Amino acid sequence: MSEIIAVDPINDDRNQASTSTSRRGYTRDDSRPFTRSLTMGRDHVTEPFDSEKLPVTLVSEIQRFLRVANLIEVDEPRVAYLCRFHAFEVAHNLDRNSSGRGVRQFKTSLLQRLEQDEEVTIRKRREKSDLRELRRVYRQYKDYIIKHGAGEYTLEIREKLQKARAIASVLFEVLSTVTSAAGPQALAETDHSRSEFYVPYNILPLDQGGARQPIRQLPEIKYAIAAVRNVHSLPFLDEFQRRMPDMDMLDWLQFCFSFQNGNIANQREHLILLLANAHVRHSHKQAPKLGEGAVDELMKKFFKNYTEWCKFLNRKSNIRLPYLKQQAQQYKLLYVALYCLIWGEAANLRFMPECLCYLFHHMASELHGMLSGAVSIETGELVKPVYGEGHESFLRHVVSPIYKVIWEEAMKNRNGTTDHSTWRNYDDLNEFFWSPDCFEIGWPMRLDHDFFYTNPSNSRNKKKKHRTPDKTPEEEKININEDEEMGEPVEEVKEPQWLGKTNFVEIRSFWQIFRSFDRMWSFLILSLQAMIIVASHDLESPLQFFEASVLEDVMSIFITSAVLKFIQAVLDVVFTWKARCTMDHNRHRKDLLKILGAMIWTIILPIYYSTSRRKYTCYSAQEGSWLGDWCYSSYMVAVAFYLITNGVNMVLFLVPAVGRYIETSNTRICTVFSWLAQPRLYIGRGMQESQVSVLKYTFFWVLLLLSKFAFSYTFEIKPLIQPTRQIMRIGVKNYDWHELFPKVKSNAGAIAAIWSPIILVYFMDIQIWYSIYCSAFGGVFGILHHLGEIRTQGMLRSKFDNLHLAFNDWLLPPPTKDNKDGIRMWLCQPGFLKGLEKKKGGVLKFALVWNQIISSFREEDLISNREMDLMKIPLSSELLNENKNIRWPVFLLANKFSTALSIARDFVGTYNNLLKKIKRDKYMHMVVVECYDSLKEILDILVVGDMERRVVFGVIDEIEESIGKASLLEDLRMSELPTLLALCTNLIKLLVEGNEDHRYRVVKTLQDILELVTNDLLVNGSRTMELLEQEQQQEGVRTEFFDPPDPELFASLHAIHFPLPDSGPLMAKVKRFRLLLTVKDTAMYIPSNLEARRRISFFATSLFMNMPRAPKVRNMLSFSVLTPYFMEQVKFSNRELHSSKEGVSIGFYMQKIFPDEWENFLERMGSENEDDMSEDVNEEELRDWASFRGQTLSRTVRGMMYYRKALKLQAFLEMSEHEDILQSYEAIDRANDTLSAQLDALVDVKFSHVVSCQMFGAQKASGDPQAQDILELLIRHPSLRVAYVEEKENFEVDGPPKVYSSILVKAVNGFDQEIYRIKLPGPPNIGEGKPENQNHAIIFTRGEALQAIDMNQDNYLEEALKMRNLLQEFLRPQRRSPPTIIGMREHIFTGSVSSLGWFMSYQETSFVTIGQRLLANPLRVRFHYGHPDLFDRIFHLTRGGISKASKTINLSEDVFAGFNTTLRRGHVTYHEYMQVGKGRDVGLNQISKFEAKVANGNSEQTLSRDIYRLGRRFDFFRMLSVYYTTVGFYVNSLISVIGVYVFLYGQLYLVLSGLQRALLLEAKVKNIKSLETALASQSFIQLGLLTGLPMVIELGLERGFLNALKDFVLMQLQLASVFFTFSYGTKAHYYGRTILHGGAKYRPTGRKVVVFHSSFTENYRLYSRSHFVKGFELLLLLIVYDLFRRSYQSSMAYALITYAIWFMSLTWLFAPFLFNPSGFDWGKIVDDWKDWNKWIKQQGGIGIPQDKNWQSWWIEEQAHLLHCGITSRLIEFILSIRFFLYQYGLVYHLDISGQNKNFVVYVLSWIVFVVIFLLLKIINVGKKYLSADHHLAFRLFKAFIFMGVVATIVTLSLICHLSMRDLIVCCLAFLPTGWGMILVAQIVRPKIEGTGLWHFVRVFARAYDYGMGVIIIAPLSVLAWLPIISAFQTRFLFNEAFSRRLQIQHILAGKKKHQS
């Protein structure tokens, strides 16, 4: 056959639908049609029938037939017709009633096509019958497969064979069906030698046809396959082999346990690849079988968690191995395969690792029973699995019942609106299996067990006799026997009852913060108390602290400690009350003992303190002792006994190994001891670090705490003691209001107002100190890790000649195992580079890799063609000779030659001094030598005439003789060198052009050069010329050569070889020589692209950092990349590139943002039009170019596929010798090369990439263009895999209405082809979307490591080269165990244009570098903060996966993977020698949504069991690290905001009550320094300095401190403080509200690159409650405070204290508009105003989205109040009371009230408020009933009310002296009161919603929102009139873009143009 046509490969068992007994025949032997065609007489229609848009219920069964029909229709129309007819028959048999969605339309369409084609295709049939026609075509493909299948395998042949096999398999299936219908004779003629030519496979082709593929030829693969296929001596073998002749272990397990076919195929490949990779690392002798070490390694990894679980529950492991070594390996593989099959089919149960342990425990017992030939006691027969009978029995009878429990419990969550305590999440269900009670479920599982009961019941502990209706009598009997064995009564069984929560209850309360970190809060409270006591004693010397009276008072803190412990004990009981049913009695007893113990100490210590105070027993110390007399009291003795338990904890802290042993041991004494310390749980035990690690983080925290307490004592506590005493002494009798508590002594209110903000800051400012110490320690560790060693191009140039040495040392496999350079690198020895220089090793491999990196830069359009030529290293055989000079890239040598020429021209001195001067710059010396050698080589090839060669090389010999004698300066006129350079440059130019017409010019140039050298350059003339002259004189030839010059020299036909030979290496050398002579740029400016510079600098820096040495590709750990994808952008469409519907088109935007890359792209495409989207540019190329600069899936996939390219390149370098590299390196990407096929095979074993496109099936079915884009990605990257969930209707009578399946596809023949299909027990999305998406696809990943990558990330080739090194970290343990999660750096690539993007980029960069560096070492609390971390895959698949998925509580799903790993004794590290790219949001609204989501997630973390267990089970200092690096940051942000409110309300209390005047006048208490210190500390967080300091330190490390300082100052000028203050308000609002009321949810941000104007309505909706309301409240408080303090306080003091609060309030009000592009454009303001009025006035209703109507938004905004508990409502009510107290203070300062301080004044103010309220209500009612029909009456009515109000005001002003000031104060008082009433109404909404009052509340709220909107938009409108404001805004918003000369104004103008 000339061409092989392809179709989608097929699945294993496809004949099921085509074996109907009632088929109608469709083959014909004659020419008459089977049916009368509707289109008789027409020509044959060759248009393909649509094979892609098919009904979901049919696609998996018929799509392959339709695809083959389309592909072979041109050549074989009749066979195509038969394939379509077969597809129709299969579809009809599957759904005879056409009840599936779209089935009827499809069948009708296909039938019409069949009728249309029937007669025409019969006429084109070549054989007499359809059967023979089919057989002929089938045999053609079969013959091709046989002919080419045994030959040499290349990629091209493999693809053709793959296509042929796919078609042959489909044709065979159709042929078999046709043969069956044709009769026995036809059946006898059929070729039965081959039933299937093609079995779909993922990586390993395990069918017979794939045996010749290169991957199957790898020895480790052969050994692994042989081991898996070893079924010798297995029981029931004969019975099973009758059903499947060629079976392996997994097939045997399938027959035993009824797993799914897709699961078996998937795990078969999974297990083989694991075994093969492990075998390579363990078997050094390469024995001809699978090594025992590989199997033992897998056993240890897979079953470590299972064995620990058995040990914890005191159960014997069911993994039992025989003594015979031959059988042991087989048994081990069976157990590993069994676990893999359970895990592969467990669906959502994979989040419950101990549940899987339970299932494996029983199934392993059954497996052992079968292997050992055990006999069942009940039946007397051989043991067989309980669930082994029936199709897919494991899914139906094991997985589905447990899945149903998970589903029903999750549904009670109601999308996060119900309380966590009312339903069991994944953790609750899994932790049930931490208790021996789980074995009550039994095996087979008792479905009547309480575990399966999901409806909470009020009746508990009632018992009755009953039988389980769902069980057979045999199952019942088994359960009865099990119950008898466990000693439980058989007859009496508990009624089903809901088990409730397990071990922990997520209670929504701020007390959770105290409960989880009680030791920290107790420590801070006790320290505060101690400092206050010490400060109040006015100690003059530190030694006075040890005086008995002082010491005794300080020791009173232990009374507080006892009280706090009692509170903690009570909280433990209260918060775990709903989990009491699943706790054992020991836990109850322990809780009771804790309460009793704490209560006793709470009573004893105060009694002893009060009775023995100042009653001491003293002992005299030695004379001269500084202690003096040593005295103690009975209270001190009691305290000593109280502290005994703390002493034990101290010992365990100092010796962590002892604590680890106690917690993990099962001995009785250790169990009792650990029970006394903590509740005995399966996780959270043995997490102690090594002694060195403990000392490191202890030193860090001791230093930090000393600094914090010294500062707090000196500047916050001690300065307040004296003012407090003064305040307590004065007596205030005359208040400015009605004092509600006049008899309270010591002015307690004033003291509380002053001390409260100080105390809040005291609890918060450790976060500030942590930021300072993080910067200091992180910076030091960064220096030790060589960060920033190469920061600039100049530094790169200085170290470039050492790069290949570092490259050879780290990135090439070691010749031996020893590698000591890492130690020397770590110790930062200065001689490291010298040691590298001494190593022998060529530069060839480095040059090849470097050139590949530069080529990738060009492919990404980061550099131009010219820059690529300048940056590449020429590859030649010279690189193999270490003695020769290395020809470095031209960009390092550029300008060096001209500089050397200038030095030589002007130099005065000796030759040696000149040489020494040139050698100072090594590159200058290199380029001089290279240019000289290159010129000689070129002349050697160019000049071929004998006479000419004698002349030229004679002159050269003379010059070299001068060099040898060091007389060059004396023999040559250096002033002539520039002229010589110009002539040489012209000559090289002519040689490069190679135009034969320019031969005369070449000759003339050569003559000019020779004349210049001999006459002008050589001082004494040329001896060669003189000698030649003498020879010619002797021969009688004329002697004057050059006067006139000899016209024959160089001019004869054979004198020169021009043009030069067409040799690639030669021309490359000539071009390089030309570049060396002509390029004037320096290395500082090449490459010009900033991103290219950054990447080169980081790659070069990383080569000098400490990393493990790379192993060989074959020996490296295998890994997969998993990318979850939902509905994000795959690629920008053509419409998006060119459309301007929403503003500027993406294409236009990208051109302006990346102008240099756009020019490079056009150059690569060969286009010269640079102004706009060029018409001659390929549209797909343009889509790719734009998509690779956005946050798209295509960018992520391209980046991850660099791993494959890097591994292939590295494998080539290892498999080739130096000489082969020069000859073969270009062949590695050729499809027809055998070497390339072998490299691909090796890389396939090591790397795979799975994208979990959850909606891909639905996208295909709906014709979504995104599906086609995903398919194109699959085609472009053949190793890419896509996993998705298929949902289709089920036609089985007894089955569920819908069937869900996880499907893996790859690209074959241009289509997506299904590889594996694994049925799910139900819809997979039960919990949070992203982890569920990851979970369904994780079974398709391969390897020992797994990298989780988000779809907004990127990767680079130069970084992918270091993946082997990073993976080696798993094998290089730095403590007691190897790491289980490896973190790495991220580069934020979205910070290049918008200032906000820049701020976020730097903020994120500081966290992922200096922040995580400190977390990993020394603090040892780094977790998993999103991707791109590397996971130990087997560790995590046996412990719950790479994230947690419980709804709402695991909103920040990624970080819980780190929590889970740490709690399970995993180890998380972080390394900075490798990085990936990551995108972030760049618009304020997107950033705020992201911040809100993270704050929501942190609030849920606060409530979670993971944080609780980390806080309680870590030692004290590690617990501090956890708190201040996770939820503590958000808690402190909230405290900081609360501190502002407390300060303002406290000051307002002092001012309005008259206390402040009394304090100033009587106590002389003026500016309290402590308050200023506290507010300054608060502003430190508020202004973003908390993140700014680490940012500056990290930038200083990596870019230099001067650049860091410049950037920081520039950020402040671009209003970075405004941004950080605004962001800090977002964090505080959403964190506090979520803990109080719930409402956490995922907030999609869109991840758009384009930054455009947001409407005023959108900004108001987003920020009204989180910022605007709070901003207005603070503004009112500041105004009132300023209004009433003026008479007795200076304005300067007021400004100093409140400046930060003014800044905060104004920022919260106006930041969204400052950072909104075109926010001050008048046209935008007008449009926004119209849109705002429409939005707020339009009537709402059900189904109207909140962006269309105010009412819908308002209802949604308060939705969190509907679902919160009574406690949360009560707290909200208490917070709302502040507005009424605010009114209380103001009404007593009205002139109308005079000096009356009676409470009646406040009552009268409420009467006034009620009157105003009623008037508004009357107007509202009148509007409702009168405005439509009685418009005039309504207007008169309003006028009457208005006149009445005016008359009342005038009357009051005349009679009661009502002033204008009173009206203003009334407004300031009543406006907040009205808002408070709205808040109260929202709290009691369920009670009043059905009344008319609720309608008025809504009207009232709308008025408030309208008023706030008007107040905000008014100043914006005023500023919009000033053109300079808009220009200034654009300048600071896009300043980074301006500095890069980008065209933001063109973008904004472009948008206006498009919109107009």
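Backbone N, Cα and C define each Cβ position, glycine as well.
According to TrEMBL, the feature region 'Disordered' maps to 1-36 (among others).
Annotation comment: TrEMBL describes 330-446 as domain '1,3-beta-glucan synthase component FKS1-like'.
For 459-479 (among others), the entry in TrEMBL reads region 'Disordered'.
Per TrEMBL, compositional bias 'Basic and acidic residues' is recorded for 469-479.
According to TrEMBL, the feature transmembrane segment maps to 557-579 (among others).
For 591-609 (among others), the entry in TrEMBL reads transmembrane segment.
Sequence-distant contacts of the transmembrane segment (635-658), counting only residues of its own chain at least 6 positions beyond either end whose CB sits under 8 Å from a CB of the stretch, comprise 551-552, 555, 558, 561-562, 601, 604-605, 608-609, 612-613, 677, 688-691, 694, 1515-1516. Feature annotation from TrEMBL assigns transmembrane segment to 635-658 (among others).
Residues or ranges marked as transmembrane segment by TrEMBL: 694-715 (among others).
The transmembrane segment annotation in TrEMBL covers 768-787 (among others).
The annotation transmembrane segment is assigned in TrEMBL to 1522-1544 (among others).
Feature annotation from TrEMBL assigns transmembrane segment to 1579-1597 (among others).
Under 8 Å from some Cβ of the transmembrane segment (1609-1626) lie the Cβ atoms of residues 1395-1396, 1398-1399, 1402, 1484, 1487-1488, 1491-1492, 1495, 1533, 1536-1537, 1581-1584, 1587-1588, 1666-1667, 1670, 1703-1704, 1707-1708, 1711-1712, 1714-1715, 1932-1933, 1935, all in the same chain and six or more residues away from its ends. Under the heading transmembrane segment, TrEMBL lists 1609-1626 (among others).
Here TrEMBL flags 1770-1787 (among others) as transmembrane segment.
Sequence-remote contacts of a segment are chain residues at least 6 beyond its ends whose Cβ falls under 8 Å from one of its Cβ atoms, and for the transmembrane segment (1839-1856) they are 1792, 1815, 1818-1819, 1863. The transmembrane segment annotation in TrEMBL covers 1839-1856 (among others).
Residues or ranges marked as transmembrane segment by TrEMBL: 1863-1884 (among others).
Among residues of the same chain six or more beyond the transmembrane segment (1904-1925), those with a C-beta under 8 A of the stretch's C-beta atoms are 1656, 1660, 1664, 1668-1669, 1672, 1709-1710, 1713, 1719-1722, 1725, 1728-1729, 1732, 1736, 1750, 1754, 1874-1875, 1878. Residues or ranges marked as transmembrane segment by TrEMBL: 1904-1925 (among others).
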Structural state census, the domain '1,3-beta-glucan synthase component FKS1-like' (330-446) (DSSP three-state):
78 helix, 2 strand, 37 coil
Which residues of the same chain, at least 6 past either end of the transmembrane segment (557-579), have a Cβ under 8 Å from a Cβ in it?
421, 500-505, 507, 509, 511-512, 514-515, 518, 521-522, 525-526, 529-530, 533, 591, 594-595, 597-599, 601-602, 605-606, 609, 639, 642-643
Contacting positions for the transmembrane segment (694-715) when only residues 6+ beyond its ends and CB under 8 Å are counted:
527, 531, 534-535, 653-654, 656, 688, 762, 765-766, 769-770, 773, 777, 1417-1420, 1515, 1517-1518, 1520-1521, 1569-1570, 1573
The domain '1,3-beta-glucan synthase component FKS1-like' (330-446): mean pLDDT?
91
